[in-house]
Amino acid sequence: MAGLIPQSFIDDLINRLDIVDVVSSRVQLKKTGKNYSACCPFHKEKTPSFTVSPDKQFYYCFGCGAGGNALGFVMDHDNLDFPQAVEELARAAGMEVPREQGRRDQKPRQPTDSPLYPLLDAASEFYRQALRSHPSRKAAVDYLKGRGLSGEIARDFGLGFAPPGWDNLLKHLGADTLQQKVMIDAGLLIENAESGKRYDRFRDRVMFPIRDSRGRIIAFGGRVLGDDKPKYLNSPETPVFHKGQELYGLYEARKHNRNLDEIIVVEGYMDVIALAQQGLRNAVATLGTATSEEHLKRLFRVVPSVLFCFDGDQAGRKAAWRALESTLSNLQDGRRARFLFLPEGEDPDSLVRAEGTDAFMARINQHSQPLADYFFEQLGVEADPRSLEGKAHMATLAAPLIEKIPGANLRQLMRNRLKEITGLDPQQVEQLAQQAPATSSMPDYDPGYDYDAMASYTPDYGDMPQHDYAPVHQEQAWKPNKGGSKKPWSDKPWDKNRKGGKPWQQRDEAPPRVPAPVEPPTLAALRTLLHHPLLAGKVEDASHFADEEHLYSQLLVALIEAAQKNPGLSSMQLIARWHGTEQGRLLRALAEKEWLIVADNLEQQFFDTITSLSARQRERSLEQLLRKSRQSELTSEEKTQLLALLSRNVPAQTPTSSGA
């Protein structure tokens, strides 16, 4: 029966489940101390790094980063959506899943059962049909044939055509005002802010549907056929599409071959499709963003090796360096990354069509550089290691980056190579990394989650998502050459601006220095509360320190209030209340990173953060009242509040019963 699954039932189901039973029915577990271990079912490995904790009712893989509760495991392992996983686990537990009708006051449930999915799927079908039969399709067909694409590849990637005109899709799908509003939310329509006129976002373009890991269409890319700009146009950010997390072609690559050994990262849709046309069905592309740590995390869950294939110009080399930075924190032992730069004026699309698959593969094998070689070669462009000053500068640049590598063996080998170049012992390198200035192009904290992307998303944290059925649907120094052997540096004068450039674009831009990760206090408080929900009961009133403009503070308040209203909920039950949302992803990422770590003085740190947030909100309120008093007359209530703030004796400013 269709309908919403009550949150109370989901809480009860999770409470009844034993994650060891759930996982062991699908994966052979071995008892190791108080936990259980196995080879991870989500990526290839020979040494077990997958751990299940019966105490925490949580699983985590130290190799690929997969983790979550029993419900999440079944979703990922069995390839089920949320309601199907609930049904499966309820059936195993002998429970019947109740259903209830949605209430008017409920907010839209996204992205678990978002109405955007069927709408985007319908739009994709419209574009595909237009490519087959629209009167204006000839330009699109000629373009695709001119790129050497077969009908089979066009079908596999779902290619389509957005006809010229302002309202083709609008007329086809926008039957009423409400439907048009959903189309705007999905990025299919644009609404003029002044006139209110609505029109198709994609017009006269070859269309590339973008799919998530389950094959659901979440966005589109369009390549213009005429002279309009931009040449390539992506869907905007939506509740179901986040550019910094998705990779074009990953779903198609995995669908074609579930046992991939390496994935090629290229720069555009046509590069992915051109390689697929030539039989290389293992390429992906980012969606108008730099390669992020989230991208690498996803890629290394699928394959042990990543090849970055970029243009050899300055932009391509800058993109490669940023990809290298994102790769470092994901380099567990057993993983590898390579870099291939193409001849000037060429891209994978043009090159593979010109020289063929065999020659292109030979180019990869002969000219790609291991990450370590590329790393030291590029730093050698910035710091001339033939002088003592250059050696010191190179050590300063390299040390903090090397310490980002989690794989102990690779990290030590990188230290050893830096010693061969600079003469510094590995211990000195480690010490130098700890002293590095806190300026970096790398994320300031937890590399496993894109917190900046989270900050642009504004759901209602107080709204507990309900769930219904949804479509199923990455003395003389030596210079490493391409083979990795040693050879002396050239006697030619060092030219900092020689071809290839420095790893970053602006000459006056600070070189990359990576500090030890520092987590913002609010995220630390969220993490602590997840592992110790009973702390919420000691907070008297969370609402007074909520900063309406700060997303993490809002989530902290919502989590405290949820734990206070339901004091018996476990950590996993709390996280499940935000399942399928961006805040749920954040909570899970926080829980995964520290679920086996025990810290001292957690309670004191938690209430120190609460006190700090209270003080910050008090200062903000004081500033707002003072500003208003200079512009207009305050009300009696505002005057009383201002006096209280000035005396630092505002009611309810003590957040805990103990006065913390």
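Cβ coordinates are placed from backbone N, Cα and C, and glycine is handled just like the others.
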### Message
If you look at how Swiss-Prot annotates this chain, which of 15-39, 40-64, 240-264, 290-314 comes out as zinc finger?
### Response
40-64
#### Entry: Per Swiss-Prot record, range annotated region 'Disordered' [choices 325-349, 425-449, 625-649]
425-449
### Query
By DSSP, how many residues in the domain 'Toprim' (261-343) are helix, how many strand, and how many coil?
34 helix, 22 strand, 27 coil
### Query
If you draw a 10 Å sphere around the Cβ of D311 (Mg(2+) 1 binding site), how many other Cβ atoms fall inside it, taking every protein chain shown into account?
20
